[in-house]
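Copied over from TrEMBL, here are the features:
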type: TRANSMEM; residues: 21-45; note: transmembrane segment
type: TRANSMEM; residues: 65-87; note: transmembrane segment
type: TRANSMEM; residues: 99-121; note: transmembrane segment
type: DOMAIN; residues: 136-293; note: domain 'Palmitoyltransferase DHHC'
type: TRANSMEM; residues: 180-200; note: transmembrane segment
type: TRANSMEM; residues: 254-278; note: transmembrane segment
Amino acid sequence: MARVQWKIHELPWRLKKLMDTFILWIKLLRMTLYYNHFTSVSIAMETSLEPVFWFVDKFAKYLGPIFMTMVIFLTTSVVAIFYTCLLPHVYAQSMSRTIFHLVFGHWLLINIVFNYIMAAFTHPGTPPLKIPETVSICRKCIAPKPPRTHHCSICDRCILKMDHHCPWLNNCVGFYTHRFFFLFCCYMFVGALYVSFTGYDVFIEHFYGATPYPFPAVLYPLNLAYDVINKTLSTTPMAHRSYNLEVTHERQNYHIAVIFEFLVCSAVAIAVLGLIVWHFRMISRGETNIEMHINKKERVRLKKQGIAFRNPYDFGFIQNWRIFFGIEKGTGRSFVRHILFPSSHQPTGDGLTWPHALYQGDNVLQLL
């Protein structure tokens, strides 16, 4: 008769071994069914986001007017509240500060409105039928494409030096609109930050009232908890009813407007700042949003071959910005006149042919 011996101390080890074997079997099954040597994390992410891309391609053209209406409505409401609520508050404090706010605020407003209109209604640029230089054929248009030109599935046309399609503009950010788009973002960020700082003390007064709190305003949840605990311990029902003072309708609207102004401007400033930083990095390197992904793949591919990839359109930090703003030497344009103030000047060149930066060194490949 066989004799079975159980070793309790080996049970965890046996369970771990069994679990490892099961995990390896699952991995082998997955690799057998889905393995592809050319698959990468980026390709998997792009594949998983295909439904999102399909939705954007199909409905972005219809959502564009809605987003533009939102931008116009929010901007108009912020300006109206600033005139009716914040500016009288500043005027009651100092006349000199009021003059500064009128000059600085209108300068920002003019630049915001001008650059938004130009970015939304300026044609981004499309290649003509005959182009001097062809690098590929567009699979959608079945037409030759010049360098740095890409097809926009939303506009259903090829765009010169395309960066992306912006639903907030209902237009493509391309060769003729990229500068207006970036300046709009910059002035919108400065304007939102400016309004937030101007109305900060009024916002604190209406958001917290006259009650002193132990924590800074940014730690609102802690102050809220402190307020709840303090009222629970110290306020009786009779005393609580005595605080119900009559509030006029105008005062209530003023209260809502001040809080709305600060929260909207703060949220816009944070969101637009991220967009500015992203584009600042790409412009400084002489590339667009699409070219950044293309160059990244080329850099990885050529690195395996021992070749250093260099962006042929990267002329250095300062020159890249001069080209982007269209204020290169010899154009007669200046940063103060054509960037700090509204200017409808077009970028240098035609968007069809591009000069290439020259690099010195061995094993360097420029992407033509």
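Cβ atoms are placed via backbone N, Cα and C, with glycine included.
TrEMBL: automatically predicted annotations, no manual curation.
The stretch in closest packing with the transmembrane segment (65-87), judged by the count of Cβ pairs under 8 Å and taken from 99-121, 180-200, 254-278, is 254-278. Across the residues of the domain 'Palmitoyltransferase DHHC' (136-293), the predicted structure has a mean pLDDT of 82.
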